[in-house]
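> Feature table excerpt (TrEMBL):
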- B:12-30: transmembrane segment (TRANSMEM)
- B:94-312: domain 'ABC transmembrane type-1' (DOMAIN)
- B:100-118: transmembrane segment (TRANSMEM)
- B:130-154: transmembrane segment (TRANSMEM)
- B:186-208: transmembrane segment (TRANSMEM)
- B:244-269: transmembrane segment (TRANSMEM)
- B:289-312: transmembrane segment (TRANSMEM)
Amino acid sequence: MPYFTGEESKARAGVAAGDTAGRGAFARMLDSDIWYSFRHSPLTIGAAIVSLILVLAALFAPIVAPHDPFDPASISIMDSFYPPVWSADGQSGFLLGTDDQGRDVLSTILYGMRISLAVGFASVLLAMMLGVTLGLVAGYVGGVTDTIIMRIADVQLTFPAILTALLIDGVARALAGPQAYDEIVFGVLVLAIGLSFWVQYARTVRGSVLVEANKEYVLAARLIGLRPVTIMFRHVLPNVLGPVLVIATINLALAIITEATLSFLGVGVPSTQPSLGTLIRIGNDYLFSGEWWITIFPGITLAILALAVNLLGDWLRDALNPKLR
Amino acid sequence: MFAFAIRRLIQAAGVMLVVALISFLMFRFVGDPVNQLVGVDTTPEQRAQLREDLGLNDPVYVQFARFVGKAARFDFGISYQIKQPVAQLIASRLPATLELSFVSAIFALLVGLPMGVYTGLYRDTLLSRLFLAISLVGISLPTFLIGILLIFIFSVNLGWLPSFGRGETVSIGGFWTTGLLTRSGLVSLILPAITLGLFQMTLIMRLVRGEMLEVLRTDYIKFARARGLSRRAINFGHALKNTLVPVITITGLQIGSIIAFSIITETVFQWPGMGLLFLQAVQNVDIPIMAAYLLLIAFLFTLINFIVDLLYVAVDPRIRLGGTAG
């Protein structure tokens, strides 16, 4: 059990005394078990700091990046294949070297991470909304609706997510045609990854809803004549969101990896607007001729990003699991 | 037991039928099969004739029934891009993928199991921590990145192992090619097999570790210690033996994923298997190959699940086969 430092017990007293709402919420956060377990896990703090730095660097890529790799005026083919700055032929302007088109590798990584994170967040959001809604409906309505939704989930679980994503990508490619496909590629990726990850949310939420639906507050809400939709989304939903948050964090790492994999396989983000996976694929062609930095640096960035988010997810899972406390 | 098997079989058939329906819908409605098969100089009359010959004017349910009937005889039509029967293409690629997958599974088991036992027995040694760190990396790193890193280290820098292809293969009986009998074939297999098996290895290691930790706390282990049995007899004869049921189950179930994940490994190492064929089909919008691959993978998954379910019941008599089983 957590022991209380002077500050914490003061915060605790503040809550008990009925502080103002804003101060109370902040104090409550400082006092919570989650914050406690966070402060006492150096690995988690490290992962959080690394994640934060990477997300901020990606968000402010246009400001942070030393070059604009997508501005044709600023890149020159004469600058291509410079090794990183610490090797003999390095150029001082290009910290991690340049790629085949003379683009600064560090800058392409920062811009690429932006796309990787954007696709990752968007597809997790889609999977979450879809899965939570279907899980709520399946659990609350029950009967035939429940059976149909959960059977679809079972069939989809038969395949690994990457295969589902590849198939959706292939079908979209066939339906749209090559030109139109390039314009909708981000939408297709989000759809493909989102649709391959919804099952886990649906199963978890359905399980929690089955427990919640018999509790007194739901019965009371029914009794005063609230509509099922209101009960589902306003009353049941907030009570089943804990596990959803954990799945979402772990899924974010998976979604980023899946996007990178699709892009690496050549069915994802095009090379005109490369994500980390695309950068690794482009660089992979030059691995054998000795220009290792073009592929290894984006690879390391992807690995660190995935590892940091994974560690955060692991911590969140343990922190929210009352059995482990 | 028999009733249980029958019930599982019916469920499996249901799943296969749904997958067949998805596969059929892709085949029939994503792009026009006639346009894909003919050139620009084909007359409208010839097109209409072909449409009639392919049975595309029949009611949809008749077409679906015909699709299922043909699929049961491994007839998946002709590839749009390569213009060869899909079944033949897949059959020629199947040995490469299956060999890679099984070698990976064996690698995962042979390395993951001892690592799991060790980390379970000696929780806090330096080596245990190292193993756990490796497992975390194995789970976080994408497969293709592991492959690239291995190529970078062992092919580009050290020059020890080949980085692509299957090496020399030997034909057995005219329908199976194997790389397991030649030196170059075996050497070519090492890096892809490690790449593909690493994730499963970490999974098995974590599973064995968890199971060992749990079993070592039980009363019968304490009792065995009290009887003065040797550590070896306790750890391996009693503890490990009882962790093996879930390990075998999970490993079995993972074989399906290994086959599906070989898409990525085959691309990194240009391994001439089914996965590479499927990926090229996705890039070139070659629907018949995609549909056939989907069905094949679903079939393998369902088959493996079915066998594992039966084995599970056969191995562990505690599992009850009541009306709610399955």
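Glycine residues also receive a Cβ, built from the backbone N, Cα and C atoms like all the rest.
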> Using a Cβ cut-off of under 8 Å, list the residues of the same chain at least 6 residues beyond the transmembrane segment (B:244-269) that approach it.
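For the transmembrane segment (B:244-269), the sequence-distant neighbours (Cβ-Cβ under 8 Å, at least 6 residues beyond its ends) are 96-98, 100-102, 104-105, 108-109, 113, 143-144, 147-148, 151, 163-165, 191-192, 195-197, 199-200, 203-204, 207-208, 211, 275-276, 278-279, 297, 300-301, 304-305, 307-308, 311-312, 315-316.
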> Mind checking which residues of the chain, 6+ beyond the ends of the transmembrane segment (B:12-30), have their Cβ under 8 Å from one of its Cβ atoms?
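Distal contacts: 56, 60, 63-64, 67-68, 71, 77, 287-288, 290-292, 294-295, 298-299, 302-303, 305-306.
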> Sequence-remote contacts (6 or more beyond its ends) of the transmembrane segment (B:289-312), Cβ cut-off under 8 Å?
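Same-chain contacts beyond the ends: 5, 8-9, 12, 15-16, 19-20, 22-24, 26-27, 71, 76, 79, 86-87, 89-90, 245, 248-249, 252-253, 255-256, 259-260, 274, 277-278, 281-282, 319, 326.
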> By a Cβ-Cβ criterion of under 8 Å, what residues six or more beyond either terminus of the transmembrane segment (B:100-118) are in contact with it?
127-128, 131, 189, 192-194, 196-198, 200-209, 211-212, 235, 240, 247, 251, 254-255, 258-259, 262, 265-266, 271, 273
> Can you tell me which parts of the same chain pack against the transmembrane segment (B:130-154), counting only residues 6+ beyond its ends and a CB-CB cutoff under 8 A?
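Distant Cβ neighbours of the transmembrane segment (B:130-154) are 115, 118-119, 160-161, 163, 191-192, 194-196, 198-199, 201-203, 205-206, 261, 264-265, 267-269.
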